[in-house]
Amino acid sequence: MLLEPALLKVAAAVAGAALAAVGSAPPAPPGPSSSTVVDRSGTGALRSPSVAWRWPLAGTPPVVHAFVPPPGPYAPGHRGVDLGAAVGAVVLAPAAGTVTVAGRVAGVPVVVVAHAGGLRSTLQPVAATVPVGATVRAGDPVAVLSGDAGHCAPAGCLHWGVLRGTTYLDPSALLRPPRVVLLPWS
């Protein structure tokens, strides 16, 4: 897996501080060690054989905006996928884990689920239906899609992001079957 470092110190510090304010992990320390790396591969390298992943909405929702990694530090990109859905749609845990955030972060209503392998799912804009500390299985309801203005306005959509530390990953890569490579007999 090739990773390109992107120094988003300010974003990482702000996000860490916001998560700490709502009872999650402490913020990342400031300085050169705080960096954001974007996984550009989209490969099955993200997959963990022990974790079953599913869409965070019923069925197979339409992908309104795909994951678009930023080309560099502070550059625009889309650090998750937007899934078309109506306000009030039930939002499901995309994999088993523990709810670490159920409230507003930087003014946006969000639910964060910590999964095995150090991955975290962020789901927004949502109204949480589970408390912080709740243990959930893949497919358990965790929220409903809220009417808060989002970047899909005027249509409704759920933004699903996945991070490992401060590395943004393509959530849809978790749903793809692993790539099989046949090797020659030696």
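Backbone N, Cα and C define each Cβ position, glycine as well.
According to TrEMBL, the protein has these features:
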type: SIGNAL; residues: 1-20; note: signal peptide
type: REGION; residues: 24-43; note: region 'Disordered'
type: DOMAIN; residues: 77-171; note: domain 'M23ase beta-sheet core'
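Mean per-residue pLDDT, taken over the domain 'M23ase beta-sheet core' (77-171), amounts to 93. Break the domain 'M23ase beta-sheet core' (77-171) down by DSSP state and the numbers are 4 helix, 51 strand, 40 coil.
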